[in-house]
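Annotation source TrEMBL lists domain 'Anoctamin alpha-beta plait' at 22-150. Residues or ranges marked as domain 'Anoctamin transmembrane' by TrEMBL: 183-649. Among the features that TrEMBL reports, transmembrane segment is placed at 191-218, 298-322, 334-353, 381-402, 522-541, 572-594, 606-627.
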Amino acid sequence: MADPLSFYLDDKAQPGTGSNFDVDYVIHYKLPTTSVKEKEEAEAAFIQLVNALSAVGFATEVRPGGKSSLLVFTKIASEKLLTSQVYRYRIQDWLFGVRTSAPNQDLSKYLEEEPVSEAERLRLTYLLITKSNNEGGAGITAQVGKWKYVDSIFPLHDHAFNRRWIKAWSAKYFLEEEDLNRIRDKFGERVAFYFAFLQSYFAFLLFPAAFGFAAWLILGKFSWFYAVVNSLWSVVFFEHWKTKEVDLAVRWGVRGVSRIQHPRPQFQFEREAQDPVTGEIVRVYSPFKRLSRQLLQIPFALACVVVLGSLIVSCFSIEVFITEIYTGPFKQYLTFLPTVLLTIFMPTLSGLLTNLAERLTKEENYETHDAHQAAFIEKIFVINFITSYLPIFLTAFVYVPFGKLLIPYLDVFKVTAQSFVTMEKPITKSWEINPDRLTKQVIYFTVTAQIVNFLTEVIVPYAKRKAFKKVQQVQSELSGNGHELKIKDHPDEADFLKRVRNEAELDEYDVTVDYREMVVQFGYLSLFSVIWPLAACSFLVNNWVEARSDAMKIAIGSKRPVPWRADSIGPWLNSLGFLSWMGSITSAALVYLFNKHDINPDGTPWDISGWALLLSILFAEHIYFAVQLVVRSLVQKLDNPGLQKERAERYAMRKKLLEQTFGHHGHDADLTEEAQGPGHVSSGERITREALEEEARVNATKTAEQLFWLRQRGAAETIEIGRGLISEVSTNLTLNSPQRNTGSSS
């Protein structure tokens, strides 16, 4: 499969996409090319990797990955093991209140009534790979500790489904419930919740789009009536979505699943102690240490304001000077200077602050993935709030009302510009406020920026991958392949493996990026659409394209995501509530400042009554809702004897039932036998010519998918083949000799 996009544009089926060869997960194992010592370390870690997978019940196959890497294919060797995992986790769901009833112990009948979806199978398989050893898993965490050579662990795309998905959505205006159910069954509830939110938001945009168009024709800008209706709409949408996500969680069977937390392997505990409520042994980290590190969010937020704010204010000042005051030479070129500066420095500074946010979140040392992700999203929201909204805030609340006072300070740019010009006549003119500046900014962020985001999110990454792959191909030809393996695949597998190698090089899909884009857009609508009522019309068109482009991004531009469960959109719900509340305040202030009855002839709202402005803000009444939100949040975090008793009883019940269910059934003995995988040859089995001929006759009737898992019979042979591939890289590194052909054992 040379190009994934061609699969969706060409009516002919592409080679290698018809089957996933029963593979559950692929482990992309990067091999070092810098020293023989690192190669030996990687080889030892590879042996540990295969043994760890085999010990918990996985069959494995290894193939060359290209570019000094291996592909380790895994699948659960026994359906009995998968069944036990399904039953165990469904029992856990019942104990945590996610399910209303316990699973039936007649497993065959139970699984017929409620079959295992593809998303559930992949999720449980991933947990079996990544869970710690003391929890029954292989304990493999990509790029952490001894697994630093494990670059990624990912499932393979179902390209036949992806193709039907993209074609179906491209012909629809609205997504149906069945569309969301299919996404849930393939990619899990976390991704499905994003598309459900996007669809619900899209449907709700119909009203502000129609009303905004009418307001643009009849009411004009800064209408108090539009501001009131828009604020009410944002509240209604927010409250509707809170109800909608509960409804989806109940229908998808994940209500309360957020209570089941997955531990972070990176969590560093100080000691182990007994929980005074449940009596279980827990890992303890000082809450005071975490609190002291959480308080660093305050200076972090201030640093974001200072760093990003300084850049935005500087570029803003330069832009005002050049576009509205400067009349000297090269003005038509200098007008692009602020944009160039922002393009160069903004991504760099945002990236540095994002890395700092990630480092601070790690220092806060959360026990679970969900807590870590929530804390990180809070910091990301601060960065995006500043970069997205600060320029408009500057124009609305600094440039227009106080421009007469601040413009004289721009003389520093006049002196600087004059020093570079030889002419004696002045190169500046007297400043007059540009009343259309605010509207033009809002139009830019709600129209032009949306188009730019689409290009940078979908088109540019695809073009970069194509160009990068072409450069790699040319470099490989010029350098004689460097340290890369020269691959000769089995003909039955060649197309499939070529496709897998392409998927291994794709980026990880992060639904957080898509949520962030939609939440920022909701902020523009809530905060600033009173300036330009057509904003909702722009967003309506953009979001129809967004749903399809995000689907294409998952299908073509990213690895298939691990199908995690979720019962809501997570921390982004709080962000929506905050923006909805702040939108009412901002709209009230904008209407007061810029309503046509209060603007001076020169276009400036100069005569501002502070008490009247404050009164207009207080009339929004959302201060009450903000206080209510804070109080509710604090009350929910409080623990009391009743909750402690409930927690103790639930823990005792879970412990007792799990011991009764899994305590004495000889499961581990069965697992050891079944973990050897298909085609396993025991050490006591004698290999004869007759046995090999019989095996060849049997294999002649098998499919390519079945033969894929018979080329390496057991973990020992997988290790042997893998060590041979690693040795080849080492030989090329040491002797710098031409590569020899290496493939799968036939």
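Just so you know, glycine gets a Cβ as well, placed from its N, Cα and C.
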Query: Does the chain bring the transmembrane segment (191-218) near the transmembrane segment (522-541), so that three or more CB pairs sit under 8 Å (pairs 6 or more apart in sequence)?
result: yes
- line: Tertiary contacts of the transmembrane segment (298-322), defined by C-beta under 8 angstroms and 6+ residue spacing from its ends, are 331, 334-335, 337-338, 341-342, 345-346, 349-350, 353, 356-357, 360, 379, 382-383, 386-387, 390-391, 394-395, 399, 407, 410, 413-414
Message: Across the domain 'Anoctamin alpha-beta plait' (22-150), what are the DSSP residue counts per state (helix, strand, coil)?
response: 63 helix, 22 strand, 44 coil
Query: Going along the chain, which residues at least six beyond the ends of the transmembrane segment (522-541) come within the CB cut-off of under 8 Å?
result: 201-202, 205-206, 208-209, 211-213, 215-216, 219, 221-223, 226-227, 230-231, 234, 385, 388-389, 392, 396, 438-439, 442-443, 445-447, 450, 576, 579-580, 582-583, 586-587, 590-591, 594
Task: With a Cβ cut-off under 8 Å, give me the same-chain residues at least six positions beyond the ends of the transmembrane segment (381-402) that come close to it.
output: 300-301, 304-305, 308-309, 312-313, 316, 320, 346, 350, 353-354, 357, 433, 435, 437-438, 441-442, 445, 516, 519-520, 523-524, 527-528, 531, 571, 575, 589-590, 593-594, 603-606, 608
- prompt: What mean pLDDT does the predicted model reach across the domain 'Anoctamin alpha-beta plait' (22-150)?
  reply: 87
